[in-house]
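Have a look at the structure below, then the notes.
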Amino acid sequence: MEILRQRLLDSTTKQSDLIEIFAAIDRDCSGRITYEEFHAAMKLLKLDFNNDDEIKQLFRQFDTTNNGQIDLAEFLQQIKPPMNERRHRAALHIFNSMDINKDGRLTIEDIKLKYAAQLKAVKNRSSQNIDYTLKKFLNKFDTRGQEDGIVDQDEFLGFCVMLSATIKEDIYFEHALRTLFDFRF
C-alpha cells in the first residue's frame, strides 16, 4: 500500500489530481473501480508484485465496504496520507476562522466577511468580479465535482491532507496554512 501511495503522491499535489487518477482507473466510468480495472492499473504502474494474489490483497485493502468495488471515498481514504493531530488542529483552526457564520461550510460570503478590509482596498474591481474570483478559489477545494463555490470541512481537510503530504515539518505546514489564507488582492 505504501509503495502505491508514494508513487501516486509523487505525481500529485492536490486532491483533484487523485480524483483524476481514480477516473482514469475507472475505465467504464461507473464511479467505481472493479478488480479488473484495478489489476490493469497496477500492471501499468509496474509496481513490484510477485503475483496476482498480492494485487487482490491490495484491492481488498481499498474495498473497505467489501462489495467488490472501490468507490471514490474508499480510494481517497486509502491513498491520502494521514495528517497528525497538530496539523489537523491547525487546519481546523484555519477553517473555523474563515467559517464566519459557523455553519460548517465556507462560502463567498464567509470569505468576503473574513477579508472585508482587504477587499475594500480593491477599488478597481467590481463586486461581480470579486465574487467570480472567490468562487473560482473555493472551487479549487471541490472534491465532489459540483463546483458550487461552497467548501465543507471534509473538502477543506482533504486539501490540507494533500498539502501536508508535501511538507515535512509541522511548523512549516502551519506557516504554509497561515500564508495561504492571508489574502492580499
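In case you wondered, yes, glycine gets a Cβ from its N, Cα and C as well.
For the domain 'EF-hand' (13-48), the DSSP counts in helix, strand and coil order read 22 helix, 3 strand, 11 coil. The domain 'EF-hand' annotation in TrEMBL covers 13-48 (among others).
The annotation domain 'EF-hand' is assigned in TrEMBL to 50-85 (among others). Residues of the same chain lying 6 or more positions beyond the ends of the domain 'EF-hand' (50-85) and with a Cβ under 8 Å from any Cβ of it are 1, 4-5, 8-9, 15, 18-19, 22, 31-35, 38-39, 42, 91, 143, 157-158, 160-162, 164-165, 170.
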